[in-house]
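Report on the structure given below.
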Amino acid sequence: MTREHFLEGKDIVVAGAGVAGLAFALNLQRQWGDNVPPLRVVVYDRDKREVDLRRQGYSQTLSGIKEDTGLVVLKQLGLLDKVIDGAVMTDAISKFTIWDKDWNASPSFNVPAYGDMPTSAVRIPRRVLRTILIEAAEAAGIEVHWSVSCEDFEYLDDGRVGIRLRNADDGEIIETRACDLLVAADGANSKIRTILRPDDTLQYTGLMMMGGVAEFPHGAVPDHIRDKWGMVLTDQGISCFLSPTSQMGYHWGLSWWEQSPRAPPATWSIEYTQSLKSEALRRSRVIADPFATIVKRTDPSTMFIMAGMDKRPFSHEHLRKVVFIGDSNHAFSPLAGNGANVALKDGYDLAEQLCKASCMDDAISQFDRESVPRALRTLDRSHERIASAHTTQLDRDQFTDGSGANDFLVGQQHSDK
């Protein structure tokens, strides 16, 4: 780094301490180095530091099959060993399974890891990945403020950006903070995006999803799913995702076509949770046991219902002093299976381009050239998965030769350059 860098003496605010926001902050500090004046980077997040089981209780895939995947990013950040230690599966691709409604399973397959990566994919609870990134940020001295949301945005007369900060607990306005660059990583329902791109809204995929985390004390996981994860496919337009979250917990997510999206309740009650379980049992009657057992053993505090939403990515040529990364730019439905990988790479790449470029516009333009096509590939693949998982004309060959599982999980992503 030279001493004449355009970011010297500048203030950067990151809205959102999720995967994308923390990957950005960590790599920016790493790339910036110690031999120039330090950057002033502050991260705000509307959530508390503690875990919300309904939002953080599931696990996700981190891939290491290509250079631009999540595990490679985490290795570059020095966090790979911690992620592998925290994973519930360290050989996730070979454990991926497609079951039919009677639990006949597809053969396993594998994909080589990229370079010297120790594995091609892991499954890790979202809460564990979040904690690893938070602790890394705290250890690096990155300033993170919890329960503070970035509510409003304006361009100031001096060319900087003004951000109104609100206490997420009591709703009180804290202050208006000025900065030279705002990195919006505030999720699929980004408030910053609503202000700057009010027509760029989430689109309903046609799928509703409900599920939770079933508990099996003493390792009494049903043999059908033990040490596996994947999808139950039927020929009834309904499917179910299954994945371990711990030695005793299994996340399940039932999905089906529904004409209009349903919103989750404003407040959760025991009665509503039980009604969701009853609906899940009714909708999944076509799936043989142990699925009913899985539903009945679900921890009520982990139950969820959500509409499958997504949106296309966008570039920043008409925006000034603000960059959207992760879900705030390109939201994926859960069936995309690649959201965390793309978010990690977004954060990492933006930091790298800001440190390498000679001006902010060049950095953001190069970021767009890499991030937008990457997100579009994941979005297109997500729509293919949604269609194949909810067909009424199931291809039985995928249960005999393993090609169905390979196509469903990896598709064309492994061959992307």
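The backbone N, Cα and C atoms fix where each Cβ goes, glycine too.
What Swiss-Prot records for this protein:
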type     : residues                       : note
BINDING  : D45, R46, D47, K48, R126, D327 : FAD binding site
COMPBIAS : 389-399                        : compositional bias 'Basic and acidic residues'
REGION   : 389-417                        : region 'Disordered'
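Looking at D45, D47, D327, the binding-site residues in this record, the fewest other C-beta atoms within 10 angstroms of the C-beta turn up around D47. Comment: FAD site residues D45, R46, D47, K48, R126, D327; largest CA to CA distance 19 Å, whole number. For K48 (FAD binding site), the same-chain residues that are 6 or more apart in sequence and have a Cβ closer than 8 Å to its Cβ are W146, S147. Its Cβ placed at the centre, R46 (FAD binding site) has 20 other Cβ atoms within 10 Å. When secondary structure is read from DSSP and collapsed to three states, D47 (FAD binding site) falls in the coil class.
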